[in-house]
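Undergrad: Take this structure, written in structure tokens, and hold onto it; I'll ask about it next.
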Amino acid sequence: PLAMGAGFGAGLGLALASSAFIGGSFVLKKKGLLRLCGRARAGQGGHAYLREWLWWAGLLCMGVGEAANFAAYVFAPATLVTPLGALSVLVSAVLSSIFLNEQLNVHGKIGCILSILGSTVMVIHAPQEEEVSSLESMAEKLKDPGFIVFAVCVLVSSLLLIFVAGPRYGQSNVLVYVLVCSAIGSLSVSCVKGLGIALKELFSGKPVLKEPLGWVLLVCLVICISIQINYLNKALDIFNTSVVTPIYYVLFTTAVMTCSAILFKEWQHLVLDNIIGSISGFLTIVSGIFLLHAFRDMPFSPSLLPLFLQPARADPHPPWSTADRHQSCQHQPLLPSEDKGSQSAEEEE
């Protein structure tokens with residue numbers, strides 16, 4: 001139990017560090033792009049950003065964050081690591097408001113608070129996954145009938161979405177390409193988990209390179225990530241980022257949690273309180289991410305909040321009780337103003 005607790009703490013720390021580095025990398029790269037000052041920008045096909053040290057610092061932070069996220073899957077359950085990836089959005093939003101002077105409205109601040117609270121609840125109630133310490137035990141997990149059925153369903157549904165639904169509804173429905181990314185992403189996380197175990201055995205001196213399972217997982221991971229990047233770029237190219245990002249986070253995290261529950265039996269020994277706590281924490285993070293993204297362009301600052309909290313003044317003559325009040329738009333005459341004047345003249349005659 002002590003070793004398991006230490007591993008869980010290491011995975012949690014790596015997941016939090018990953019979110020901090022990835023969130024900070026966006027701000028550093030954005031800061032480097034803003035320092036170009038009239039030189040050929042990236043959006044115009046230029047590559048002057050390659051001479052900015054801030055951009056390279058952001059790229060380095062991104063690499064460190066992804067490496068920490070990869071290592072976190074080795075020590076902590078994917079049900080915990082994947083939802084905590086939402087904290088990178090929170091870190092990016094907060095740092096952007098400080099260093100890039102981007103306004104964080106009331107909805108964004110409430111979203112940040114909800115994301116922190118949801119992450120805390122998930123950490124408290126996170127499941128302790130079944131021990132998978134070697135490639136042999138990983139191979140036994142992959143042979144489980146439940147996971148085989150899940151993987152076949154993911155592959156068949158992804159092929160239907162790509163070749164049937166994509167040409168018909170891909171340009172009009174945001175769920176088509178995002179569902180492909182999310183479903184394939186659940187398999188990629190399982191591959192990452194297996195490769196992490198293989199690397200841990202390699203560093204301990206075991207002949208992992210002779211095991212075919214490690215190479216199969218590596219090939220599957222490359223294929224899955226390539227499909228994810230391709231269809232996520234398609235979704236971002238067609239639809240607004242503020243729409244794609246929260247939907248992708250919700251669907252991807254749900255798919256990963258389902259796959260981990262089937263493959264690693266993470267929910268098998270949980271009591272009802274922890275199950276409800278984990279689901280509640282995840283839904284709280286989803287609400288925070290939605291508020292942070294969906295309303296980020298609304299100019300709603302805290303100074304405007306008192307205007308909405310003021311009580312309405314009592315009106316002794318409601319507009320619907322007097323004849324001299326303006327009529328509502330539902331009762332406007334259909335005739336133009338000049339026709340209205342001629343009509344009133346005819347009525348007078």
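Count begins at 1; order follows the chain as displayed.
Keep in mind that glycine also has a Cβ here, set from the backbone N, Cα and C atoms.
Straight out of TrEMBL:
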| type | residues | note |
| --- | --- | --- |
| TRANSMEM | 6-28 | transmembrane segment |
| TRANSMEM | 53-75 | transmembrane segment |
| TRANSMEM | 81-100 | transmembrane segment |
| TRANSMEM | 107-126 | transmembrane segment |
| TRANSMEM | 146-167 | transmembrane segment |
| TRANSMEM | 174-198 | transmembrane segment |
| TRANSMEM | 213-231 | transmembrane segment |
| TRANSMEM | 243-263 | transmembrane segment |
| TRANSMEM | 275-295 | transmembrane segment |
| REGION | 316-349 | region 'Disordered' |
Undergrad: Does the chain bring the transmembrane segment (243-263) near the transmembrane segment (53-75), so that three or more CB pairs sit under 8 Å (pairs 6 or more apart in sequence)?
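TA: Between the transmembrane segment (243-263) and the transmembrane segment (53-75), contact is absent.
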Undergrad: For the transmembrane segment (146-167), give me same-chain residues lying six or more residues beyond its boundaries with a C-beta closer than 8 angstroms to one of its C-beta atoms, as numbers and ranges.
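TA: Hits for the transmembrane segment (146-167): 173, 176-177, 179-180, 183-184, 186-187, 227, 231, 255, 258-259, 262-263.
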Undergrad: What residues elsewhere in the chain lie close to the transmembrane segment (174-198), defined as a C-beta under 8 angstroms and at least 6 residues from its ends?
TA: 70-71, 73-74, 78, 82, 132-135, 138, 142, 151, 154, 157-158, 161-162, 165-166, 208, 211, 213-214, 217-218, 220-221, 224-225, 227-228, 231-232, 234-235, 238-239, 243-244, 247-248, 251-252, 254-256, 258-260, 263-264
